[in-house]
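Accompanying notes for the structure given below.
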Amino acid sequence: MKSTLLVVEDDEAILHLIDVALTMSYYKVIKAKTGREADFRIRTEHPDIILLDLGLPDIDGLSLIKRLRECVDTPIIVISARTEEETIVKALDYGANDYMTKPFNIDELQARIRVALRVSKRPDTMQNNFENGPLIIDFSGNSVYMMGQAIHLTPYEFQLLEILSQHVGKVLTYQVLLKALFGYVNKCDMSSLRVHMASLRKKLNNSDTTYESSMKKLIITHPRIGYQMQHLE
């Protein structure tokens with residue numbers, strides 16, 4: 001069954017480019033040029049992914065993300081000409097799953113769509129265990145394993161790994177992670193967050209040399225924005 005993608009974009013040329021490329025890749029593409037039209041399409045056609053431009057004629061895209069997150073959990077990939085760090089952070093904090101800047105590569109866009117679809121269709125039955133490549137997290141036992149080998153983590157390291165695993169494929173901003181760890185956002189705690197993340201990565205990377213290269217790709221850094229856990233085959 002074809003996945004349905006909603007493209008919210010008021011630039012006719014970009015809309016046509018995305019429509020043609022994704023239709024040729026066997027997606028069902030529906031289109032909207034305004035926030036109001038996007039609302040209608042989402043309610044009536046229930047897309048699997050939303051590709052959203054921020055510069056819409058009737059509403060700011062950031063406000064639309066906040067509004068959508070109150071009623072749907074459909075993955076949102078922002079495609080925008082706005083490259084300011086503050087805008088990217090706000091979009092992710094408000095609930096976008098990913099952010100691409102224009103001009104963009106259509107092959108990269110399709111790769112990000114595949115990741116978002118794979119993550120969104122994963123069954124919600126991981127209350128006890130989570131698996132990603134050689135990594136296994138036992139939530140009930142607060143345990144982490146790599147190729148069956150137990151990895152000892154501090155409470156903060158386990159908490160970091162837990163929240164990242166709950167949002168595979170999504171960039172989590174520093175603000176989101178700080179609030180999850182400490183209950184509040186204080187820029188003074190950024191150094192603490194970096195120390196915990198560095199220690200977590202070191203323990204995961206050193207656990208098994210067979211998977212060392214892939215584990216280095218497990219948690220990636222988005223400079224000045226945050227961290228992201230990637231899906232490993």
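Every residue, even glycine, has its Cβ placed from backbone N, Cα and C.
Going by TrEMBL, these are the annotated features:
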- 4-117: domain 'Response regulatory' (DOMAIN)
- D53: 4-aspartylphosphate (MOD_RES)
- 127-231: domain 'OmpR/PhoB-type' (DOMAIN)
- 127-231: DNA-binding region (DNA_BIND)
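Taking H, G and I as helix, E and B as strand and the rest as coil, DSSP gives the DNA-binding region (127-231) the counts 46 helix, 26 strand, 33 coil. Its Cβ taken as reference, D53 (4-aspartylphosphate) is surrounded by 22 other Cβ atoms within 10 Å in the chains shown. For the domain 'Response regulatory' (4-117), the DSSP-based tally of helix, strand and coil residues reads 55 helix, 25 strand, 34 coil.
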